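Q: Quick one: the structure is below, questions incoming.
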Amino acid sequence: MSCPVIELTQQLIRRPSLSPDDAGCQALLIDRLQAIGFTVERMDFADTQNFWAWRGQGETLAFAGHTDVVPPGDADRWINPPFEPTIRDGMLFGRGAADMKGSLAAMVVAAERFVAQHPNHTGRLAFLITSDEEASAHNGTVKVVEALMARNERLDYCLVGEPSSIEVVGDVVKNGRRGSLTCNLTIHGVQGHVAYPHLADNPVHRAAPFLNELVAIEWDQGNEFFPATSMQIANIQAGTGSNNVIPGELFVQFNFRFSTELTDEMIKAQVLALLEKHQLRYTVDWWLSGQPFLTARGKLVDAVVNAVEHYNEIKPQLLTTGGTSDGRFIARMGAQVVELGPVNATIHKINECVNAADLQLLARMYQRIMEQLVA
């Protein structure tokens, strides 16, 4: 199949860019962008490669994405080696095909076609690409955004190429994401022999009523844009492994995915009040990995909806479900942020794949969005 989008996707898949190793992917993209007049600024931090590229001036539409991928798992279970892209029955197989090397290829080819037709476009077209989205994300998009904000860089619209679609390209567009807050809680007791409980203080017994009340809380009811806030216990550990020792500590890790109805400070205050109510001795550590954000109907959402309707003849759902993405960092710049990408049914799985025709369609959608906002 001879198609510039498919060919570029295959070239990217062949580079085993396990996070945060870029494995040469960005050099490939940079060469293509510089060839059509983009200025490219490499913005590497620690072990992570990033770049910021732009062409033109004025209102800015940025395309954001990541070159890194998650490990393939057991390569023997793949129908073909995970870093050897293969097309079978119209499906392109390979690690990163859907998340998100196909999107990157579609973005770059769309930019090439757009610039060829609009060499003197009125707005500024930009790219923000990182090699660490799948792992810690500490030195990726967040650091680039901080650097851009420090010099008052303008960013009006941002399209993130995360695989947002469920069954067909564009059936779901993400116009926001929930916040994510993790609590690492240690309940302190006194270790001792199970036969002498009066000489010990069992933190598991102490914490049970607290945890029972915690999991029963209805944090909010959500709103028209966000589902209700959810809290899930992810890890719980206590004990020495012996059946005759009362543990001295209980560790509990729980995560909140929260809507715009709450702030992280409101959640923290309620948890701490509950700990005090149950008179627990505790140590607590919080990790806020992202605030909730929402892009209401406006020029970017309208342009994305228009592109999907034009090429796929469907009206996309605007949703804020799912995990976090790098859009949470970009939203800090005051930009309208929307995610549009391929079908996500196989992301992070063995035999990750994407419909090759979908990537061609995605490139046309991206180009139409460019034409509506910065032509």
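Numbers here mean position along the shown chain, with the first residue as 1.
Placement of Cβ uses the backbone N, Cα and C atoms for every residue, glycine included.
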Q: Out of D44, D89, D99, which does Swiss-Prot tie to the same Zn(2+) 1 site as H66, E162?
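A: Swiss-Prot lists H66, E162 binding Zn(2+) 1, and from D44, D89, D99 it also lists D99.
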Q: Please state which member of E59, E134, E309, E313 Swiss-Prot lists alongside D99, H348 for binding Zn(2+) 2.
A: E134
Q: Which residues does H348 (Zn(2+) 2 binding site) neighbour through Cβ under 8 Å, counting only same-chain ones at least six apart?
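A: In sequence order, V70, D99 meet the Cβ cut-off.
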Q: In terms of DSSP three-state secondary structure, what is the assignment for H66 (Zn(2+) 1 binding site)?
A: strand
Q: Ten-angstrom check, please: count other Cβ atoms within 10 Å of the Cβ of E162 (Zn(2+) 1 binding site), all chains counted.
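A: By my count, 27.
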Q: With H, G and I counted as helix, E and B as strand and the rest as coil, say where DSSP puts E162 (Zn(2+) 1 binding site).
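A: DSSP call for E162 (Zn(2+) 1 binding site): coil, neither helix nor strand.
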